[in-house]
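Report on one structure; see the data block that follows.
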Amino acid sequence: MDPAVSPASTDPLDTHASGAGAAPIPVCPTPERYFYTSQCPDINHLRSLSILNRWLETELVFVGDEEDVSKLSEGELGFYRFLFAFLSAADDLVTENLGGLSGLFEQKDILHYYVEQECIEVVHSRVYNIIQLVLFHNNDQARRAYVARTINHPAIRVKVDWLEARVRECDSIPEKFILMILIEGVFFAASFAAIAYLRTNNLLRVTCQSNDLISRDEAVHTTASCYIYNNYLGGHAKPEAARVYRLFREAVDIEIGFIRSQAPTDSSILSPGALAAIENYVRFSADRLLGLIHMQPLYSAPAPDASFPLSLMSTDKHTNFFECRSTSYAGAVVNDL
């Protein structure tokens, strides 16, 4: 034995081990602390689904998209630059305001699931970096200057300010999960849909492909939050139904205002009809999320019709005709974003 290591410090289960910063082991820990056993089959299924559908930014080649950027009008280019500036920053928005929720749980299924979610969020961040550079013709200096100007745009600030205010007044763990559901399930919905409309013009095909993959990942993340809210917050009082409906209504109003305020006024990609369909989709998404947490719909919004570009994103193994690589998604989680 190395004389520099005391016998007490060699046993990670020794409750008498000492050392600066050492966390005491509970006197009567549950046996599951020391080995894996499945305790959350629904969350374990989502982890397995995430692993089965792992992907990397290196699998996507954006050369054709770089050529398509010149086909966008000035208003369209500005709009999509704005959306991707928001989406790129949104992961930090979630982490800064609602991070650490995984630390509330001892079930290894939940902890293991969050590891997978964090891994794929890294891929999303890297993909958004690539897409931003594509939209700026690989001019990183111009991209940086644009993001610095845009990150405090009123349309983005209203989302940030709303979230920060709701977090400050939030006094329960279940309500924080409602906020997480709304960020990933409502605050991204209009952006994902607007990006998907590029497909209808056969533009930025790989960007559309990555949007499909990211949207499907976020559908899994939102479903996981709903499952945790439903099944694994015992001992925590859930917010009253009126409070939940109020939060949903506020989030939907903000998201619809976000897309209305930024959409180009003269676009062959986003017609008035397309914008109306996106707004309906935001309401439909909210209703679906309410259903996942066993609540009645707020809007009774109809499902998007077959022409809606995100209709290709159900997880029934649809493959986009325009895509070089199939974005078929194994499993049965329905995209509700």
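Note that Cβ sites are derived from N, Cα and C of the backbone, with glycine treated the same way.
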Check your understanding: Of the candidates Glu184, Glu240, Glu250, which does Swiss-Prot annotate as part of the Fe cation 2 site that also includes Glu121, Glu218, His221?
Key -> Glu184
Check your understanding: For the Fe cation 1 site that Swiss-Prot assigns to Glu121, His124, which of Asp91, Asp92, Asp161 is also named?
Key -> Asp91
Exercise for review: From the ranges 1-22, 309-330, pick the one that Swiss-Prot records as region 'Disordered'.
Suggested key: 1-22
Review point. Around Glu218 (Fe cation 2 binding site), how many other CB atoms lie within 10 A of its CB?
Key: 24
Review point. Taking just the CA atoms, what is the gap between Glu184 (Fe cation 2 binding site) and Glu121 (Fe cation 1 binding site) in Å?
Key: 12
Review point. Across all chains shown, how many C-beta atoms besides its own are within 10 angstroms of the C-beta of His124 (Fe cation 1 binding site)?
Key: 19
Check your understanding: Near Glu121 (Fe cation 1 binding site), which residues of its chain come within a Cβ-Cβ distance under 8 Å, counting only those 6 or more away in sequence?
Key -> Asp91
Practice item. Would you mind listing, in sequence order, the residues at least six apart from His221 (Fe cation 2 binding site) in the same chain with a Cβ closer than 8 Å to its Cβ? Key: Gln117, Glu184
Point to revise | Those residues of the chain, 6+ apart, with a Cβ under 8 Å from that of Tyr128 (active site) | key: Phe84, Leu87, Ser88
Point to revise | Integer Cα-Cα distance in angstrom, Glu218 (Fe cation 2 binding site) to His124 (Fe cation 1 binding site) | key: 10
